[in-house]
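A.B. asks: Not my notes, these are from TrEMBL:
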type	residues	note
BINDING	Gly123, Ala124, Phe156, Asp247, Glu248, Val249, Gln250, Thr304	pyridoxal 5'-phosphate binding site
BINDING	Arg159, Ser303	N(2)-acetyl-L-ornithine binding site
MOD_RES	Lys276	N6-(pyridoxal phosphate)lysine
Amino acid sequence: MSLDTLPIPSIPTESASAMSTPFDAADFDASVMSTYGRFPIALERGEGCRLWDTEGREYLDFVAGIATCTLGHAHPALIEAVTQQIQKLHHVSNLYYIPEQGALAKWIIEHSCADRVFFCNSGAEANEGAIKLARKYAHTVLDIEKPVILTAHASFHGRTLATITATGQPKYQKNFDPLMPGFHYVPYNDIKAIENAVTDIDEGNQRVAAILMEPLQGEGGVRPGELEYFLRLRKICDDTGILLILDEVQVGMGRTGKYWGYENLGIEPDIFTSAKGLAGGIPIGAMMCKKFCDVFQPGDHASTFGGNPFASAAAIAVAQTLEQENILHNVQERGEQLRARLRAIATKYPHLFTEVRGWGLINGMELNADIELTSVDVVKAAMEQGLLLVPAGPKVIRFVPPLIVSAQEVDQAAQVLEQAIATLAL
Ligand SMILES: *Cc1c(COP(=O)(O)O)cnc(C)c1O
């Protein structure tokens, strides 16, 4: 089957080309700061799991705006919700009550272990909120003067100064020092390292106040957390009063086949954060906490845009659609199907691939460390064949399609990937 055998939805004539002149990458680069290494295509239109670039080429989208477009592109429920909301009221400020924000918070609380929610606009910002809450908790409840937060090697928590410090990868920190004090790094899935750090970091006024972890490391190579590790982490936190903070920015909101990543680990966090998929691609962030939610008092933390009517309405539409269309079930089934297909490819090319791993619809395929081929090489080859993928580090290819992906589209992605691998002539 080729991409051409699937029906292409007809293009409404008025939106056939929003651009009056052809897209010019050099012109773009002359005006936009060069913080990204961009792939050489410009996307113009989408529907479901398909995207079209400015040249009219069609792609199967297994990136979903990096695990963000939960309902794919141009989903009727999302269009309806944001259209209605913007016609009524899109922004007012948290100076006033925002009913849509309250409804979204209520949905999150009813579908998670959280007692209260704070809204912001991105993953990094949600993690900043969690770090601030943990520090205030340390000062006012645990009586720690210099609180330390433990995070993992190969983690990713965002690009603000506090969150690059929390991120246990030197490449994101280089040349941005002085970094934020109060962070210490340990290997992921290694309970002994946590126990040692908790014991060692205990001098006078300095102590471990919180542990910040991803339930599954996304950017760091799609590495799932181990059950036993997280059970022990929970126990250590219960015994000591240390807060367990989970960064659910990439895996939350159904991506793993459960609403929250921690549900795969048999534990509940004290604080967790969400962003990427929460409003299906409309910017939003959220920080959820349990029990000690009163640590933050009026004036302690704020966001101008956070939880505005527009973003909240979008997230409610995503939440309702996940529920009404039983999308979590699709995530579980399509995830198993995809891993089976990727494992078959890995078995066929054992010199190229070492492992396929993931939960639900966040999956990674790891390349052999001994060969020169990188994840970017594979991503580029797949793009040439009409399949969009995203690297998770230099050796892992990440598959994070919209959660509405069909069985046929999963099969097609596997086929196109195999064609792409064949073109690499290895
Ligand atoms: C993407 C990501 C972030 C950062 O989110 P932004 O919205 O880009 O600030 C933080 N943590 C994890 C786990 C992520 O995947």
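Glycine too: its Cβ is placed from the backbone N, Cα and C atoms.
Any TrEMBL annotation is an automated prediction that lacks curation.
Walk me through where these features lie, including what they touch and how far apart they are.
C.D. replies: All chains included, 33 other C-beta atoms sit within 10 angstroms of the C-beta of Asp247 (pyridoxal 5'-phosphate binding site).
A sphere of 10 angstroms centred on the C-beta of Ser303 (N(2)-acetyl-L-ornithine binding site) encloses 19 other C-beta atoms.
Around Lys276 (N6-(pyridoxal phosphate)lysine), taking its Cβ as the centre, 28 other Cβ atoms fall within 10 Å, counting all chains.
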A.B. asks: At its widest, how many Å does the recorded pyridoxal 5'-phosphate site span between Cα atoms of Gly123, Ala124, Phe156, Asp247, Glu248, Val249, Gln250, Thr304?
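C.D. replies: Pairwise Cα check on Gly123, Ala124, Phe156, Asp247, Glu248, Val249, Gln250, Thr304 gives a maximum of 25 Å.
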A.B. asks: Running a distance check here. Ligand 1 versus the binding-site residues Ala124, Glu248, Ser303, Thr304: which have CB less than 6 Å from one of its atoms?
C.D. replies: Ala124
A.B. asks: If you measure from the CA of Lys276 (N6-(pyridoxal phosphate)lysine) out to 10 Å, which binding-site residues from the list Gly123, Glu248, Gln250, Thr304 are inside that radius?
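C.D. replies: The binding-site residues close to Lys276 (N6-(pyridoxal phosphate)lysine) (Cα within 10 Å), listed in sequence order, are Gly123, Glu248, Gln250.
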A.B. asks: Counting across all protein chains present, how many other Cβ atoms fall within 10 Å of the Cβ of Phe156 (pyridoxal 5'-phosphate binding site)?
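C.D. replies: Looking across every protein chain shown, the total is 28.
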A.B. asks: Including all protein chains shown, what's the count of other C-beta atoms within 10 A of the C-beta of Thr304 (pyridoxal 5'-phosphate binding site)?
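C.D. replies: Excluding its own Cβ, Thr304 (pyridoxal 5'-phosphate binding site) sees 10 Cβ atoms within 10 Å.
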